[in-house]
């Protein structure tokens with residue numbers, strides 16, 4: 001579902017949403033993607049109007065590549081105080097469509113977010129937006145509560 005950009009989404013008012021979009025698109029410019037040329041930017045919004053950004057960082061040993069979502073989440077998780085998350089957004093370069101988090105990133109988000117956590121996906125210039133909950137992107141997920149000790 002594409003939402004008109006005139007409306008706030010994911011628990012954000014219009015100004016916060018515009019800031020989220022701007023920071024997500026700007027973060028993409030910081031990507032290090034010499035192999036795939038597939039740049040991704042990410043922005044995580046936390047309570048208190050805190051914003052964390054990150055970009056993907058590729059490596060010649062492809063398995064060592066770090067996605068934008070994980071770069072951003074690590075920044076938030078290792079910050080003090082620990083913020084309560086509001087939403088996360090990503091953007092790639094494609095003007096045609098919005099990208100979504102890869103499977104590893106969906107599971108990584110699941111470690112720290114609730115099932116109803118909103119994920120905002122922009123196209124390359126922010127003119128298209130798609131919003132889904134983590135549960136919609138990762139149904140029947142496995143989380144910390146599934147580890148019974």
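Glycine too: its Cβ is placed from the backbone N, Cα and C atoms.
These come from TrEMBL:
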ACT_SITE  69  active site, proton donor
BINDING   56, 57, 58, 59, 60, 61, 62  substrate binding site
BINDING   67, 102, 105  Zn(2+) binding site
DOMAIN    15-145  domain 'CMP/dCMP-type deaminase'
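Looking at 58, 69, the recorded positions in this record, the fewest other C-beta atoms within 10 angstroms of the C-beta turn up around 58.
The helix, strand and coil residue counts that DSSP assigns across the domain 'CMP/dCMP-type deaminase' (15-145) are 43 helix, 32 strand, 56 coil.
Cβ neighbour count for residue 61 (substrate binding site) (all protein chains, 10 Å cutoff from its Cβ): 7. With respect to Cβ neighbours within 10 Å, the binding-site residues 56, 59 differ, and 59 shows the lowest count. Cα proximity to residue 67 (Zn(2+) binding site) (within 10 Å) is found for none of the binding-site residues 59, 60, 61. Counted over every protein chain shown, other Cβ atoms within 10 Å are most numerous around 67 among the binding-site residues 57, 60, 67, 102. For the domain 'CMP/dCMP-type deaminase' (15-145), the model gives a mean pLDDT of 96.
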